[in-house]
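Below: one structure, written as structure tokens.
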Amino acid sequence: MARSICFFAVAILALMLFAAYDAEAATCKAECPTWDSVCINKKPCVACCKKAKFSDGHCSKILRRCLCTKECVFEKTEATQTETFTKDVNTLAEALLEADMMV
């Protein structure tokens, strides 16, 4: 009896963790549209991003671009699965390249 209660508690906890993980919003990145120089300092980059209606910003580590961030709201669009997969692969490739260069 004690084992089944323990198992049930662990199962409920695991379900709650998975539900919370899936509910977390993704972070979208885009270059600041008005930035035209090399990004060295984060403070002006954040100001540029806030002006462009983003929530935050930072300088990219490799190319020194001003990247703005905000929470993504994905809606069902008419994009095909191939287009979505291609965008995900490109984003992942950029992240891996940036991570490899910093190691």
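Glycine too: its Cβ is placed from the backbone N, Cα and C atoms.
The annotation disulfide bond is assigned in Swiss-Prot to Cys28-Cys72 (among others).
Look at Swiss-Prot and you will find Cys32-Cys48 (among others) tagged as disulfide bond. DSSP classifies Cys32 (disulfide bond) as coil under the three-state reduction.
Sequence-distant neighbours of Cys59 (disulfide bond) (same chain, six or more apart, CB under 8 Å from its CB) are Cys39, Ile40, Asn41, Lys42, Cys45, Arg65, Cys66, Leu67, listed in sequence order. The annotation disulfide bond is assigned in Swiss-Prot to Cys39-Cys59 (among others).
Among the features that Swiss-Prot reports, disulfide bond is placed at Cys45-Cys66 (among others). DSSP assigns Cys66 (disulfide bond) to a strand in the three-state reduction.
If you draw a 10 Å sphere around the CB of Cys68 (disulfide bond), it holds 24 other CB atoms from the protein chains shown. Swiss-Prot lists Cys49-Cys68 (among others) with the feature disulfide bond.
Look at Swiss-Prot and you will find 1-25 tagged as signal peptide, backed by experimental evidence.
For Cys48 (disulfide bond), the nearest neighbour among the disulfide-bonded residues Cys28, Cys68, Cys72, judged by Cα separation, is Cys68.
Taking a C-beta cut-off of under 8 Å and a sequence gap of six or more, Cys49 (disulfide bond) has these contacts in its own chain: Cys32, Ser55, Asp56, Gly57, Cys66, Cys68, Thr69.
Counting every protein chain shown, 20 other Cβ atoms lie within 10 Å of the Cβ of Cys39 (disulfide bond).
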